[in-house]
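To keep things clear, I will list the structure first and then write my remarks on it.
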Amino acid sequence: MASTKEYGSEADDETASTFSLTEEDHTLGNALRYILNKDPRVAFVGYSIPHPSEERVNLRLQTAGPPARDVLKDALQDMMALNDHVRVKFEKAVEDYKAVEGMREMSVGVSGRSGASGKSGVTHQSLSTDAK
């Protein structure tokens, strides 16, 4: 988000503002709308793209008491925490996948056949741990 300009902040009512987010599109606009809609302090939230050729999102936010600017800051912090959580889960899933694929490559070498990737010559032998 390059810059944010708040419209309507000169008025006495700090509970309603329109924020213009430059260099952004539906990706951020819809995600912010979703997170703000889950906040019980929000009375109304919506966003629009003024024109498809403009990289700008106008976000309208009305709250039931607290200043709209504070609620938006909280939503952005919640979104950053959510993104961190998704990143950690994704990285763990990639590590798990690589571990499973590594085991598959080793088992291909035991049978003496090369895998679909054409790799051969793996000399690893697995031990059987069958309990009878």
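Cβ from N, Cα, C; glycine included.
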Which listed span TrEMBL calls region 'Disordered', if the choices are 1-23, 47-69: 1-23
For the domain 'DNA-directed RNA polymerase RBP11-like dimerisation' (17-87), residues assigned helix / strand / coil by DSSP: 32 helix, 21 strand, 18 coil
